[in-house]
Amino acid sequence: EVYFKNLTKQKQKEVMEKNGNSHKLRVCVATCNRADYSKLAPIMFGIKAEPQFFELDVVVLGSHLIDDYGNTYRMIEQDDFDIHTRLHTIVRGEDEAAMVESVGLALVKLPDVLNRLKPDIMIVHGDRFDALALATSAALMNIRILHIEGGEVSGTIDDSIRHAITKLAHYHVCCTRSAEQHLIAMCEDHDRILLAGCPSYDKLLSAKNKDYMSIIRMWLGEDVKTRDYIVALQHPVTTDIKHSIKMFELTLDALISFNKRTLVLFPNVDAGYKEMVRVMRKKGIEHHPNFRAVKHVPFDQFIQLVAHAGCMIGNSSCGVREVGAFGTPVINLGTRQTGRETGENVLHVRDADTQDKILHALQLQFGKQYPCSKIYGDGNAVPRILKFLKSIDLKEPLQKKFCFPPVKDNISQDIDHILETQSALAVDLGGTNLRVAIVSMKGEIVKKYTQLNPKTYEDRLELILKMCVEAASEAVNVNCRILGVGISTGGRVNPREGIVLHSTKLIQEWSSVDLRTPVSDALHLPVWVDNDGNCAALAERKFGHGKGIENFVTLITGTGIGGGIVHQHELIHGSSFCAAELGHIVVSLDGPECLCGSQGCIEAYASGIALQREAKKLHDDDLLLVEGMSVKKEETVSAAHLIQAAKLGNTKAESILRTAGTALGLGVVNILHTVNPSLVILSGVLANHYVNAVKDVINRQALSSAKTVDVVVSNLADPALLGAASLVLDYTTRRIY
């Protein structure tokens, strides 16, 4: 109702103008059987009554054209509708294959018809296999589809067919609020869903005032009274044909025992119907004095029969839908209508597996009168549907859109959770320690293992393999899927081959070492290897300050000085894998000797080893310790003691740190003038002690255009491990190519 309150005559006028004032909406209504015609006929009458808006084409197929079902196409002609096309599409048979072949035959014949008629829109009803063929043909031929009675739920293959038609249809007319919600849940566009009610209710709710006794006597005999007869209508259940035939046999036995006049309608044309007809004949139903077996009853007369019956029994949707409008008692057998909305007049017998159970249900229901139910309509469906048809803009894109709901915050559906379970094994080969960690996609170190780095190649490689195997086994217990292994190591590395070309003096016996092959062979995983400085830059790019920055430089200030350069989002390795050896930028021609053999390198001034060297000199000259400091005899003097002394006012220590900071700052200035990054990230244990000195040198020494660079301290706790992990995660998840 809300929808139609928003529809105005102006809107309809605009739509007519868009479609062209001379253009009428050409509507094709295709009907397959007696049941769907009862729903489509009211719409067809409404369309026919407004020739200024619509042109109606009627296509008849399916069981309408079968003698065994009374040639029900004649009632369409009796209603004064011109049938434009008759298609014989039913392949006679007794199994599921016959239904499939019938669908195929319809698909073969329909394209010619639709090409000839060229409708603007096709109206398809319900959930029959014939309707699926209609919807498939129309959808593939770019014809708009209006589906009647979508979104409902029942208990057979009809459910699947109905929902399949829903996905093919462009517009939807549903009968209940629940059906509307189901369509929305199926991602259909709410603006193209009309809650109209069932069209058949437009007839039902005005039917009881008509002369009904003559109809009852015509079909059941002169001596029958109202509320003293039964209407039986039962169909095969295609997903369990044998059981449905057995249930039908039990139903007939119960009806015979109940000894009331009964009108039995033949089942529909689904697989198994011939066997059900044989059961009827085996029981002698067609010649039994209490039974009238008929192939078809016109809908207007059928309404009167069920409206005044003592009970209706079977598994037809008519029982749970239309009959509720009269309050007639209904016994619904089996699972064919499971899920349908029903009124209080319906008694369900789900497991109708004994004659006594069905007979007991008849005794409970027969002759009762229930309140009338309007679950499926209020008698005004057709006017709503006609307004809806008039509102369709043929100039709108034909391609339908689905309205997918936002993904709920549920861990089983959360892509972040899925990515977090994807992890890498990260290995960091330092001068002192060997570390292995399980690192998640989010950069969380799930588990970490640390051992002293052995001095020999054989022991070191053996320990790497042992720790990696142990970590990979533990990954299963912590719900992590290892995608690969990333190794961060000091020295010059060929990342393409996974080979350490040569190392620093901090790691002995570590030149021309193939790391990729033994680790990959042991773990059956891909392996990436790179220099520790490059790994630190990768860590910043993925998890730290460098995320989203096009050009930046990372400087590691630890035992040595290293770093990495990211230019245009890519790591620079250089022609011989020697790029970004930032610790070996020379800042003084006659400076202290570096471990690389040169003099005046940044590392010779600002590394942990350089500061430790200067601290030892001061300590040996009794110039290190100040009030508040002490060094035990067995304790090794380190850079930490130098920093502590400077904080306590030791001018010599302050001078050494100032010189170290200046050397590092000069190196950074050289970097700025060479690659011009927008960001410099200082990483490592000494970063906080150097950051201000570096900024001061930049302000004094850098070109004005380079002074705008940001200098920050890394917030990553383990850049080497995170960088090693990012080697794996960036490539295996295809985030970086």
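Note: Cβ is positioned from N, Cα and C throughout, glycine not excepted.
As annotated by TrEMBL, domain 'UDP-N-acetylglucosamine 2-epimerase' applies to 53-390.
Residues or ranges marked as N-acyl-D-mannosamine binding site by TrEMBL: R492, T504, D532, E581, H584, E603. Same-chain residues at least 6 positions away in sequence with a Cβ under 8 Å from that of T504 (N-acyl-D-mannosamine binding site) are, in sequence order, G431, G490, G491, G560, L595, C596.
According to TrEMBL, the active site annotation covers D532.
Annotated Zn(2+) binding site per TrEMBL: H584, C594, C596, C601, in sequence order.
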Starting from the Cβ centroid of H584, C594, C596, C601, which together make up the recorded Zn(2+) site, report each further residue of the same chain whose Cβ lies within 8 Å of that point, ordered by sequence.
G583, V586, L595, G597, S598, I602, E603, A604
Ranking the binding-site residues C596, C601 by other Cβ atoms within 10 Å, which is at the bottom?
C596
May I ask for the distance between C601 (Zn(2+) binding site) and H584 (N-acyl-D-mannosamine binding site), taken between their Cα atoms and rounded to an integer number of Å?
5
So how many other Cβ atoms are close to C594 (Zn(2+) binding site), meaning within 10 Å of its Cβ?
22
At 10 angstroms around each C-beta, which of the binding-site residues D532, E581, E603 has the fewest other C-beta atoms nearby?
E581
Other than R492, T504, D532, E581, H584, E603, which residues of the chain come within 8 Å of the N-acyl-D-mannosamine site, judged by Cβ distance to the Cβ centroid of those residues?
G490, G491, N531, G533, G560, I561, G562, G583, C596
From the Cα of C594 (Zn(2+) binding site) across to the Cα of D532 (N-acyl-D-mannosamine binding site), what is the distance in angstrom?
19
Measure from the CA atom of C594 (Zn(2+) binding site) to the CA atom of R492 (N-acyl-D-mannosamine binding site) and give the result in Å, rounded to a whole number.
17
